[in-house]
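Colleague: Dumping the structure here so I can ask a few things about it.
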Amino acid sequence: MTAETPAIRPPIAMLAELTHRCPLSCPYCSNPIELALQEREIDTETWKSVFRQAADLGVLQLHLSGGEPASRRDLEELVGAARDAGLYTNLITSGIGLSERRLKALDEAGLDHVQLSLQGTDAAMADEIGGYRGGFDRKMKVAGWIADIGFPLTLNAVLHRRNLHQLPRAIEMAVEMGARRIEVATVQFHGWALKNRDTLMPTREQAREADRIVTEARARLKGTLVIDYVPADYHSDYPKRCMGGWGTTGLNVAPDGKVLPCHAAESIPHLTFDNVRDTPLRDIWYEGSAFQAYRGTEWMSEPCKSCERKTVDFGGCRCQAMAIVGDASATDPVCIKSPHHGALVAQADAHAASVEARLVYRSAPGKPVVEPVD
Amino acid sequence: MQPEDVPYLPRGVRVHRDRVRDAWVLLAPERAITLDAIGHAILTELDGERSFGAITEALAAKYNASPDEIAQDSAGFLRALKDRRFLEVR
């Protein structure tokens, strides 16, 4: 560290991917293509230790995710341990695998908040996208139990070309469910979603219409429903400040104990990741090579290096630069200053205009990817 | 915020001592907000029973200020929390 390098601050949030197992097989799953097997998952006691280490390190918010976190039988015990460590506990779930009994046990364990995903606003859409028949009906039951218990709820609507027309109904559903917040998340093209760009890429018109719907709903529902919005990435002029800045705000623990600066970081082949099985979380955060790789601005080249926005968005997403440009230290091609921006725009329009290809569903851990054949 | 309103923190929103950063924070769904001394003083007065008027009077006595001043200082803060659904009023 040189004198000009700002001190590394403690992380605020940790995403704990408890498992890659999931009853659904959404074609935009953010899990890596190479899924962790159940026998490689870290055990209950290791997770508990990780939660205590995280709290000692300065983490305030714990997001329990997956895969489907309810696929872990020890979920209730893990929530209790996280609360005991002093963490705010957020369960990110599809609802599948939760019963009224389990939700009551999670309530007793001290669960603070539930984020429920929405694949579509009716059974036909939701079950097709999730690849799980009966999933939507079950989810609606779970939403009812969540409301009965009184958990604060966020509805997380994942949107793409197939279901963007359902956005107004998704917002209505959030209000009907008593959610305080909805995340309107346009699919980000990482992991499995990269395989499905021809099917999922929104059109420019859809992206604009979503902007309009969100702006209108925010004004109309002020004080009733908070709307957090992730706009369509490829149709933007500037990239997102990914992860709040690499190694500044959050960290992600994968099911096998690997610690990642973001959930897609394994797509950057030259990075190596430390594991909570052999290294203290504190050392990984402050000294781990994957976290140091893109911290701050030293690693940047042009056009980022001399850009006035370099500490606004930190050059955007490293994984996207890797996936599109083939260089993780390049400017995110979403940026209008990137020499690859024009190609990305053309690519986005081509994907959006493509004749509907078949969806490539996420597979189960250890199972091969099933590529559709016509 | 009217004097007779009873503001309270709903389930899932709580004041937390951040021992690592040596600060008070408000923890809410997927948010953590650092509280200054005034924010912390106001939020710890909310008990779900006393009205905004009673709370501003209590704070005025405690900090040797006028209730109007306290009400003015805190109304904007509480309204911002309410807009984000981190605060309810009954």
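Keep in mind that glycine also has a Cβ here, set from the backbone N, Cα and C atoms.
So TrEMBL lists the following for this protein:
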- A:CYS22, A:CYS26, A:CYS29: [4Fe-4S] cluster binding site (BINDING)
- A:8-225: domain 'Radical SAM core' (DOMAIN)
Colleague: Determine, for the [4Fe-4S] cluster site, the additional residues of the same chain whose CB lies within 8 Å of the mean position of the CB atoms of A:CYS22, A:CYS26, A:CYS29; present them in sequence order.
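Modeller: Surrounding the site, in chain order, are A:LEU24, A:SER25, A:TYR28, A:ASN31, A:GLY67, A:GLU68, A:SER94, A:GLY130, A:TRP192, A:ARG362.
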Colleague: Counting Cβ atoms within 10 Å across all protein chains shown, which of the binding-site residues A:CYS22, A:CYS26, A:CYS29 comes out on top?
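Modeller: Checking each of A:CYS22, A:CYS26, A:CYS29, the winner is A:CYS22.
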Colleague: Indicate whether A:CYS22 ([4Fe-4S] cluster binding site) is helix, strand or coil by DSSP.
Modeller: coil
